[in-house]
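What TrEMBL records for 1-11 is compositional bias 'Basic and acidic residues'. Per TrEMBL, domain 'Major facilitator superfamily (MFS) profile' is recorded for 51-469. Sequence annotations record features per position, and here TrEMBL assigns region 'Disordered' to 1-22. TrEMBL lists 44-64, 100-120, 127-144, 156-175, 187-209, 221-240, 306-329, 341-362, 371-393, 408-431, 443-465 with the feature transmembrane segment.
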Amino acid sequence: MGVETSAEHGEMISPAGAPQYSSQESVAANKPMEIGVDTPVPRITLRAFVMGAFVSMGGLLFGYDTGQISGFQEMDNYLERYGQLNDEGKYYFSHVRSGLIVSLLSIGTLIGALVAAPIADKLGRKWSITFWCIILNVGLIIQISSPAGKWVQMVMGRWVTGLGVGGCSLLVPMYQGESAPRQVRGAMISCYQLFVTLGIFLSYCINLGTEHLEGTEQWRITLGLTFLFALILGGGMACFPESPRFEFRHGRVDSARNTMSKLYGVPENHRVILQEIEEIQQQLDAESQEQVWHEFITAPRMLYRIALGMVLQSLQQLTGANYFFYYGTTIFQGAGISNSFITQVILGAVNFGTTFGGLYIVENFGRRKSLIAGAAFMFVCFMIFASIGHFMLDVQNPENTPGPGKGMVVVACFFITAYAMTWGPMIWAICAELFPSKYRAKGMALATASNWLWNFLIGFFTPFITGAI
């Protein structure tokens, strides 16, 4: 069965929630305007491009937090401050401590993704993004101020940071989906994943540049830059308009029309603006009927859509990509690579560069076929990766087999290429299009929460699994 989206049922992207609309405002939305402007519509305007790129910084925050922790666990100062001493007098992280430091961020993101939807329906999309950036920075302050030995404070700081990351992970694709011109909507939503990969790559590069430093600068510089990125995103949202769909639903019809006009680069009485306004109004009229809570599940094909969104987000995590992003530095040290920080930078560069191909694929090829092809290619890569590690690598003394270690890095690059061009960007675009407007916030929240649940499970249990192999 193919991947079904709400757009295929004649519905435009618009936010969820009961409309706060009077009959007078409904009439105002349909007031006659001069009709007849049918000039060519630009593929994308500078205003729409800047909006999509800037808001995608929410993805950069996600990726930056994901990538930095891999290097932290191999930095001497971080180990000495928050690790444990073994019998040989060396600092290390136990499986439990390592798993909690890595994965508790994901518990925060899960909660943040679930509670972000009702907050966004109250505050609006853009100010909600600002709110979650503030929460994220509170978590960073808790982490940066953690004294030596207080690893629990570091873990709790990552949990609070996760709340902010989770809120942004829901709201950024939602804001883009409700604001972007329809002809570039899929690519613009996928820009979120592009910035996730950029954040991962940047964190690897900065870790490489700081790991030779003495003292807490090794890791505090990397964390401090996260604070700066969140400050820029949260403050910069004041310069952007509210989502036109959210404005329309709350009676600000003229403002919504004006925002659409600027983003499309056409007059307010252009046919595409009038079509969007008419379709949104039809949705609001259909949604104005009294609703009961169980309609979210019992409405036609809604259970299928909810299950599909949650399964796709879960499978995105189960591809194994975060196995490399969370523990790559440790993995390639075990494969005999002399400087695993450099290897992480290479993987991050491949991840970022090939995601551009994913933006093209999401707009020009079918979702279903692309996901199947990507999954098949990743399966082959993992089979080769595991075979090299099992049959050719000297696990006890990996420096004796440098060839297989380098071969594993090459195979990992091919795996990440397939992920970055298919399952990475495409899942976010599908979930933003999947649900009807009045159920979108709840549906996207459940789908995103399932992503973060599996993110936590992978992050927490990977040290136990690899330690038992």
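The backbone N, Cα and C atoms fix where each Cβ goes, glycine too.
Unlike curated entries, TrEMBL annotations are predicted automatically.
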Contact ranking winner - 44-64, 100-120, 127-144, 187-209, 408-431 against the transmembrane segment (443-465), Cβ under 8 Å: 100-120
Selection from 44-64, 187-209, 341-362, 371-393, 408-431, the stretch that has most Cβ pairs under 8 A to the transmembrane segment (221-240): 44-64
Contact between the transmembrane segment (371-393) and the transmembrane segment (408-431) (3 or more Cβ pairs under 8 Å, separation 6+): yes
Candidates 100-120, 156-175, 187-209, 306-329, 408-431; stretch with most C-beta pairs under 8 Å toward the transmembrane segment (44-64): 187-209
Residues of the parent chain within Cβ reach of the transmembrane segment (127-144), under 8 Å, 6 or more residues beyond its termini: 55, 58, 61, 108, 112, 116, 119-120, 153-154, 156-168, 171-172, 175, 220, 223-224, 226-227, 230-231, 233-235, 237-238, 242
Tertiary contacts of the transmembrane segment (187-209) (same chain, 6+ residues out, Cβ under 8 Å): 48, 52-53, 56-68, 70-72, 75, 172-173, 176-177, 180, 221-222, 225, 325, 341-342, 344-345, 347-349, 351-352, 355-356, 358-359, 362-363, 420, 424-426, 428-429, 432-433
The transmembrane segment (156-175) vs the transmembrane segment (100-120): 3 or more CB pairs under 8 Å: yes
